[in-house]
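Residues annotated as transmembrane segment in TrEMBL: 53-70, 123-140, 172-190, 343-364, 370-393, 398-414, 420-441. Taken from TrEMBL, the feature domain 'Fatty acid hydroxylase' applies to 128-258. Summarising the annotation, TrEMBL assigns domain 'Alkylglycerol monooxygenase C-terminal' to 345-418.
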């Protein structure tokens, strides 16, 4: 993994040293890469295309907002956009902690039980892997919607009431740790390097289809998953549920009966059927687990308890696997959860989120040189920071206390480890701490006076 990380960082520097490489970076999002440039014999040499693509993610998000402005459509909401990007940081934090363990089972099966030795540098292997990855993804994605305990993780991706490129990065930290099982049969004959690189390409492709700026791609709609098809998939309307599971190709849905054409006059309502009104990304990652527990408790028999976890989220005793339409909610147009806070506070949260991103980038570059405990503490602080930012966006009554503690913890960390060279950070966090501390005292004073009166 160390070699992999070094390869990612050095490759990133090379990529941005020449305009041609920048164009190739954007081409990766459309699976238009030259296969021969991405064939590797050793797993350690496979570059992390997701890490390398972060500048492209942010550039495309900025371009999307420009196009939305030109089209006179609503721009990405700051609170929802930062929440989506926070989920991306949480996902990558989980990958840092796992240090590649999600690939361990695949490598073990390939090294000990493979049935064929397909050449790692063959175009036939390349295209076969691309098709198999997408085929497996279809079933991963379908299971994530039709198996309740898997939906508990995947719901994170559907929890936004908007549909834009930031949603493509809104993922569950736990989803990948269960989804990898669906790809294990490939380990009997597909080289691990091909498996890993195509996982990256699949991820990049599925990023750009999360947009409302692209309407129809003509004949490509018959073969490929497109923004039009995936918008329909993200709808919580009754007609949108359990449709269009494809990753890169939409042909799997056409083959297995889960395809649905978007209706011209249908206003798609994004989000969950039962939305959770919150911008706290850590809470949104785990809140749905209580729904599974409560449903399990409500079931009368042991068998029904088991089915409540294994079958679809809408399943009820005596009904089909994914539930009966007459028992499901027909979601109508609803007001989006959008807490209004002052402009200065939005700018404050944006600025501090950028500081969190800078800190996370430093962790990405140096985590292999740190002890596991240090990495865990670093990530814990990042998660605490994202939680605090979410609470302020929610205008939660405890947000001022949590944000004060967050700023104080940073100052104590700097003092403990003698990091006084972070002058600008120290000034920012000191000013922020003093502001929130005084703000909390004022609120406390108002509450005391109101009780006396």
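Note that Cβ sites are derived from N, Cα and C of the backbone, with glycine treated the same way.
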Legend entry - Stretch-level contact, the transmembrane segment (343-364) and the transmembrane segment (420-441), CB cutoff 8 A, at least 3 pairs: yes
Legend entry - Intrachain neighbours beyond the transmembrane segment (172-190), with Cβ under 8 angstroms and 6 or more residues off its ends: 87, 90-91, 93-95, 98, 102-103, 105-107, 109-110, 113-116, 118, 125, 128-129, 132-133, 136-137, 139-140, 143-144, 150, 153-157, 285
Legend entry - Residues of the parent chain within Cβ reach of the transmembrane segment (123-140), under 8 Å, 6 or more residues beyond its termini: 31, 35, 39, 179, 182-183, 185-186, 190-191, 194-195, 198-199, 201-202, 245-249, 252-253, 256
Legend entry - Long-range neighbours of the transmembrane segment (420-441), counting only residues six or more past its ends (CB under 8 A): 348, 351-352, 355, 400-401, 403-404, 407-408, 410-411, 414
Inset, instruction - Count the residues of the domain 'Alkylglycerol monooxygenase C-terminal' (345-418) that DSSP assigns to helix (H, G, I), to strand (E, B) and to coil, and report the three numbers in that order. - result: 65 helix, 0 strand, 9 coil
Inset, instruction - Mind looking up the mean pLDDT for the domain 'Alkylglycerol monooxygenase C-terminal' (345-418) in the predicted model? - result: 94
